[in-house]
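Engineer: Have a look at this one before I ask anything.
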Amino acid sequence: MFSWFANPHRFLTLSSWLAPICYALGALLIAWGLWQGLWIVPKDEYQGGDIMRVMFLHVPAAWLAMASYMGMAVMSFIWFIWRHEVADIAAKAIAPLGATWTALCLVTGSIWGKPTWGTWWQWDDARMMSVLFMFFLFLGYMALRGAMDTRQKAARAGAILAMVGAINVPLIKFSVDLFTSLHQDASVITVDGPKMAAVYLWPLLASGLGHSLLFAGLVMTLMQAEIWQRRAAQIRARLIAGD
Amino acid sequence: MSAAPIISAFRQALTEAWAGGAGALMPLGFFAGAAVLVPLGIGTDPNTLRAVGPGILWVALALASLVTLERIFQADVEDGALDLWLQTGAPASMIAAAKAFAHWLTAGLPLAILSPVFAVMFQAKADTSLLTHMGLYALGGLAFFFWGGVGAALSATVRRGGLLISLIALPLYVPTAIFGALAMSGGPGSTGAPLFLAASTLFALAVAPFAMGAALRLAAD
Amino acid sequence: MIPEFDKNAAFIWASYALGAVMIGGAILTVMIKARLAQAELARTQARTEEARRK
């Protein structure tokens, strides 16, 4: 099944129409979520007033921080087992973008924390710590790939690290959760179904989906760039060999 | 396949640590230096020192393990020893585990054994709990050396890979550091923490060798 | 037009401004990278064509 996607040429055709769709839909959803979140929904006095409007940026960023790392690990796994080049190109493209959204999650969380807890950085908060370590995992992955001298080595080393990181994420999260938390419990997904008021839920889901689509589109464009670069390098190598 | 290359890797790591002067003394010196500098930095108030002592020792242990890790696989890649071991068909993961274990024996265990001395310097009460703590430091150190070994194996072909190893190892050290410090805090959650520490060390022992092995095969290519 | 928030308005605008800068920056970098790569490939292909014709 993965083999079908493993062909770079097929990926280029697929992404040439899928990426623009992702951008368009993503922009629409983010715009709607922002409009709802900033203009329409009432402020929640229980959550500290207007500051909870940061949620429509912070929560999608947190979701993408986790999802992108998992995506990178899955792509690394696929590359490691089946050696499909496109999977490695995907993992490589996800890393800098995932790091960006992870950093965004940290920054917005910090800004949200200042008026709510009275501090920019709350060491007691399990989620802030988890996301910080997520950020380090991304940085380590990028630094390791950058330090390798060939593409093949970068792919192999990166895949090993991404997989080791991924199996450690639950343990890191568990250990960090042991610290008592000032943060409220996860309120979007609970056993009894979402308990957040519907007025907030829909804009939040729209923002989350919108950010995910935008992210997916950016990953595809970055992958295209990588494939084009590799093709140009291949042609140049052939040209030199032929002369 | 035979166990000979694994034993030879283990022996070589042990001799390597003691030979050439600094070796095993380097992390010890680092550990002692950190422990001595802290009171100079944060003041000599006994209550403060007693509160931060175990945490400082955990941090110093984690950092001390990073100091030695840079060279544990790099030398084998450079002098071709790694190729020879792998040619015998011995599993790379076992060779890596043997080396990481040897480094823990020479650099991690001495720190744990000396920990009561530093704990007393940090105003801890000299009772049997220091012995329990010694065991916890030894256990946590094992996890540090195995996860750090993953970073070391991945960057074995990278010149001046020290920073890279630290960056890779840092997030992997988190559970051990948290469980370890929590176990000694005496506060809420400290009763289960030693078990969690043991479990996370077991997890490191189970997973890290395979990652190190895969990374070493990459380095040998 | 612009919604009015309570005392924490500055924090809200700061997060959204940072979000716009970071996401905008990511989009811009990715787009520039893709354009450059595409142009480079086109140039290389044109050079090969030329070499073949000679």
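Glycine is no exception: its Cβ is also placed from the backbone N, Cα and C atoms.
Here's the feature list from TrEMBL:
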TRANSMEM  A:12-35  transmembrane segment
DOMAIN    A:25-182  domain 'Cytochrome c assembly protein'
TRANSMEM  A:55-82  transmembrane segment
TRANSMEM  A:94-114  transmembrane segment
TRANSMEM  A:126-144  transmembrane segment
TRANSMEM  A:156-176  transmembrane segment
TRANSMEM  A:196-222  transmembrane segment
Engineer: Who are the long-range neighbours of the transmembrane segment (A:156-176) in its own chain, taking Cβ under 8 Å and residues 6 or more past its ends?
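Structural biologist: Distant Cβ neighbours of the transmembrane segment (A:156-176) are 69-70, 72-73, 75-77, 79-80, 88, 91-92, 126, 129-130, 133-134, 137, 140-141, 144-145, 148.
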Engineer: Which listed range (A:55-82, A:94-114, A:126-144, A:196-222) shows the maximal number of Cβ pairs under 8 Å with respect to the transmembrane segment (A:12-35)?
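Structural biologist: Selected stretch: A:196-222, with the most Cβ pairs under 8 Å.
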Engineer: List, by number or range, the same-chain residues at least 6 past the transmembrane segment (A:126-144) whose CB is under 8 A from its CB atoms?
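Structural biologist: That would be 62, 65-66, 69, 72, 95-96, 98-99, 102-103, 105-106, 109-110, 113, 154, 157-158, 161-162, 165, 169, 172-173, 176-177, 179, 181, 183.
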Engineer: Can you work out which residues elsewhere in the same chain, 6+ from the ends of the transmembrane segment (A:94-114), have a Cβ less than 8 Å from its Cβ atoms?
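Structural biologist: Residues packing against the transmembrane segment (A:94-114) from afar: 51, 54-55, 57-58, 61-62, 64-65, 68-69, 71-72, 75, 120-122, 125, 127-128, 131-132, 134-135, 138-139, 141-142, 145, 211, 215, 218-219, 222.
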